[in-house]
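**Student:** Sharing a structure with you now.
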Amino acid sequence: YTLKLRVAAVFILLTTSTIGILAPIFLRNFKKVASDGLVFTIFKQFGTGVIISTVFIHLLMHAVLQFLNPCVGEMEYEGTVMAIAMGGAFFSFLVDYAGVQYLRRYRKHQDSRPQNESHDRQRMDEEKLSVFIMEGGIIFHSILVGVLLAVTPDTELPTIFAVVLIHQLFEGIALGARIAPLENVANRKKILMAIAFSVTAPLGMAIGIGVRKSFNSNDKSTIVTLGTMDALSAGVLAWVAFVELWSKDWLHGEMRDAPAKKQIVGMISLVLGIAIMSFLGKWA
């Protein structure tokens, strides 16, 4: 276990995560690249594909493998992983639903603007809420990734680290592409949201480095905790991926009636995001 490698990895991971999430924000808010143009269509749909693959290949599969570990013993309830993931999805639904109900029932009593302006304001607030839920799920997952990377043996570190770097870069792009177009959100707040994502995986690594001497990957409680966190993250991001991203864009949003060129570019980007992240699942 080479400590210097881990310390260097913390800063490399921080830099990569920051580049990934700030790139779309910089292009949209400082270079004024249109949020409904082809560039952002690629960013958004590629990012959606990344999140979908992360749910099934990187989270659910890992959670299943954790609970199948012989050190855990025989599971009394075979559907444990899926039940936990379902709970994560249901929790996300409750947060989303409660937020929307608050915005629609209480904001309208306090809003004296014309009805069309009020409706646009509620729509923008709902978009912000969905992005917050998405960031919460990704941050939860990134901390776990950082911890596991920090306790990875030297022999496996180069491969795992390379995959995690690409993973964080793509997740950063996925999240940044949704933060960047948010209306009525100051650039300062967008930067703060970006920083919150950028520091989580390095923070997880720092935690992992701190507990490395006491960390036992064969301990039952450790395995169950990691598996539970993976499954919960999968549930949260599943809700975000299917409801807030995939369905909202293609069935009810900008991609539904978009020109054929934009739909083709978006579909190719979506498939590429799914395919590349699924390919990376061979190593991590």
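Any Cβ shown, glycine's included, is placed from N, Cα and C.
Model, not experiment: these values are computed from the prediction.
Marked as transmembrane segment by TrEMBL: 6-27, 39-61, 81-103, 129-151, 157-179, 191-211, 223-243, 264-281.
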**Student:** Given the cut-off of 8 Å on Cβ pairs that are 6 or more apart in sequence, determine whether the transmembrane segment (157-179) and the transmembrane segment (223-243) share at least 3 such pairs.
**Tutor:** no
**Student:** Between 39-61, 191-211, 223-243, 264-281, who has the most Cβ pairs under 8 Å to the transmembrane segment (6-27)?
**Tutor:** 191-211
**Student:** State the non-local partners of the transmembrane segment (223-243) in its own chain: residues 6+ outside its ends, Cβ under 8 Å from one of its Cβ atoms.
**Tutor:** 48, 51-52, 54-56, 59-60, 62-64, 66-67, 69, 71-72, 81-82, 84-93, 96, 130, 133-134, 136-138, 140-141, 144, 148, 217
**Student:** For the transmembrane segment (264-281), find every same-chain residue at least 6 residues outside the stretch whose CB is under 8 Å from a CB in it, and list them.
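**Tutor:** 38, 41-42, 44-54, 57-58, 61, 163, 166-167, 170, 174, 249-250, 255, 258.
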